[in-house]
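Taken verbatim from TrEMBL:
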- 489-511: region 'Disordered' (REGION)
- 21-40: transmembrane segment (TRANSMEM)
- 52-74: transmembrane segment (TRANSMEM)
- 81-99: transmembrane segment (TRANSMEM)
- 105-126: transmembrane segment (TRANSMEM)
- 138-159: transmembrane segment (TRANSMEM)
- 214-235: transmembrane segment (TRANSMEM)
- 299-319: transmembrane segment (TRANSMEM)
- 341-359: transmembrane segment (TRANSMEM)
- 371-390: transmembrane segment (TRANSMEM)
- 396-418: transmembrane segment (TRANSMEM)
- 430-452: transmembrane segment (TRANSMEM)
- 458-481: transmembrane segment (TRANSMEM)
Amino acid sequence: MWWDQRVSARFRRNLQPTLTYWSVFFSFGLCIAFLGPTLLDLRCQTQSSLSQITWVFFSQQFCLLLGSCLGGVFKRTLAQSLLALFASSLAISLVFAIIPLCHNVVVLAVVMAVAGLAMGCIDTISNMQLVKIYQKDSAIFLQALHFFVGFGALLSPLIADPFLSDTNCILSNGTANASSNLPHIRKSLLPHHPGNLSRYDLPMKGMVVTRVSYAFWIMALINLPVPIAVFFLLYKERMVPCFNGSSHPLLSADELALETRPGDKDELSTSAQRPHTAAASHEDLFSCCQSKNFRGASFTYFAVHITGALVLFMTDGIVGEYSGFVYSYAVEEPLAVVHKVAGYLPSLFWGFITLGRLISIPVSYRMKPATMVFINVVGVLITFLLLLIFSSSVVFLFVGTASLGLFLSSTFPSMLAYTEDILQYKGCATTVLVTGAGIGEMVLQLLVGSIIHDRGSYSFLVCGMIFGCLAFTFYALLVFFHRMYPKPSPELDEASPEKAAEPEDTGQYQR
């Protein structure tokens with residue numbers, strides 16, 4: 001195997017929880033990507049206007065952000081985390097099953113808000129639990145985790161595609177012209193930015209003819225094994241209330257990684273000396289803001305959290321704005337790409353993000369997270385610079401889209417692993433970074449949409465270049481604050497939030 005025996009043994013020891021967290025992130029990816037392609041069919045199902053149906057986007061994104069903030073609430077015990085993951089993954093299957101029954105746009109928005117909350121909890125908890133289990137070895141497992149979200153995001157549009165309407169799915173008089181532009185309208189729909197689609201007169205009343213319900217029911221069935229896998233993990237750890245006949249102590253995630261097995265007793269005795277370590281870290285966003293957590297903290301403690309979150313604010317914002325607007329940019333002058341050809345660009349972008357995450361799994365074992373983030377942000381900068389230079393080349397637009405997907409693919413897991421390493425797993429990095437990334441993806445997409453509307457399609461690349469420069473600047477500041485951050489010292493007060501504890505005696509690979 002390309003990794004060493006110690007990491008391999010640790011993975012085998014935590015095989016079931018690791019695979020469970022990966023599968024839950026597949027649910028996250030499955031749910032995050034289906035809405036764009038199916039939105040026109042859902043407009044027909046709810047008999048709503050284009051501007052009304054885009055509110056469904058916003059309800060999902062806003063509640064995803066809210067769920068990310070609240071996800072840390074469930075970290076206090078492993079039981080709470082797993083129960084939250086079970087409820088969230090089950091809610092996603094139920095959402096898929098219920099969507100075909102929503103014939104009112106407000107009801108659909110509420111259902112998608114529930115899905116957003118579930119996705120936010122999954123995002124925070126899954127990242128947090130893997131970091132707790134593997135700590136210094138977490139980078140490789142975080143890369144795999146984010147590969148599964150990319151895989152799910154690729155799969156759901158493929159499932160939906162055969163069931164999407166080729167013509168207008170509300171039959172009424174005079175719909176032929178609008179029907180011929182349906183693929184273009186579908187690719188151009190974005191949250192609160194239907195763009196200049198108002199010239200297309202799509203009917204709101206008439207007979208609804210759409211088969212998209214089958215796609216949602218198929219996705220509900222595909223996702224169903226995920227909550228079952230979480231339930232089996234709960235059952236194995238004797239955390240299912242109705243099946244827990246004995247008073248089994250709740251294990252923290254750190255203890256789960258070091259549970260008593262042949263040859264592991266020394267590791268468990270070491271972790272047992274610090275029973276409150278996991279409980280003292282990884283607070284939810286609101287607990288992080290309590291004054292007691294600031295007591296004795298240095299300036300660099302806050303700076304590491306803030307700069308790490310700002311890097312992801314920019315890079316995840318680039319993912320949102322590029323995937324959302326690259327089609328609209330391609331079909332406008334001067335490129336004027338044919339609508340059908342331009343439609344491949346978002347798929348190409350997400351495909352290379354998924355490929356990049358797959359490649360990053362072995363790479364992250366040999367390369368430090370800080371180095372990977374540096375390569376990512378520099379690669380994003382260079383790609384946008386070349387896209388601006390060759391802005392009239394259709395071929396380079398496709399090459400640049402693939403390159404951008406590769407460089408952005410591993411930024412989030414690498415940044416998370418790097419920041420957690422700096423803070424020695426004692427801060428609120430996971431929750432703060434997940435929240436920052438979620439805010440960036442929502443805010444920058446809205447911002448770029450407004451700028452494109454006012455300044456034209458070329459501003460799409462200019463905005464990307466500016467965001468890339470800011471991401472690199474914030475990364476440089478993070479490296480600077482890393483050098484200033486206090487080194488691990490056993491003399492530091494146990495209660496201090498900046499305490500950098502000595503690594504546990506688990507034989508972990510020190511990057």
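Backbone N, Cα and C define each Cβ position, glycine as well.
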Test of understanding: applying the rule of at least three C-beta pairs under 8 Å (pairs 6 or more apart in sequence), is the transmembrane segment (430-452) touching the transmembrane segment (214-235)? no
To the transmembrane segment (396-418), which of 21-40, 81-99, 341-359, 371-390, 430-452 is linked by the most Cβ pairs under 8 Å? 341-359
Best-packed against the transmembrane segment (430-452), counting Cβ pairs under 8 Å over 21-40, 52-74, 81-99, 105-126, 299-319, is stretch 299-319
Same-chain residues at least 6 beyond the ends of the transmembrane segment (371-390) with a Cβ under 8 Å from one of its Cβ atoms are 311, 315, 318, 360, 363-364, 396-397, 400, 403-404, 406-408, 410-411, 414-415, 418, 461-462, 464-465, 468-469, 471-472, 475
Contact between the transmembrane segment (341-359) and the transmembrane segment (138-159) (3 or more Cβ pairs under 8 Å, separation 6+): yes
Do any residues, 6 or more residues outside the transmembrane segment (299-319), come within under 8 Å Cβ-to-Cβ of it, and if so which ones? 353, 373, 376-377, 380, 404, 408, 411-412, 415, 418-419, 422-423, 427-429, 432-433, 435-441, 443-445, 464, 467-468, 470-471, 474-475, 477-478, 481-482, 484-486, 497-498
Seg_contact(the transmembrane segment (138-159), the transmembrane segment (52-74)) with at least 3 CB pairs under 8 angstroms, min sep 6: no
Other than its close neighbours in sequence, what residues sit by the transmembrane segment (81-99), given a CB gap under 8 Å and a spacing of at least six beyond its ends? 20-21, 24, 27, 30-31, 42, 71, 74-75, 108, 111-112, 114-115, 117-119, 121-122, 125-126, 128-129, 213, 216-217, 219-220, 223-224, 226-227, 230-231, 233-234, 237, 239, 253
Which of 52-74, 105-126, 458-481 has the most Cβ pairs closer than 8 Å to the transmembrane segment (21-40)? 105-126
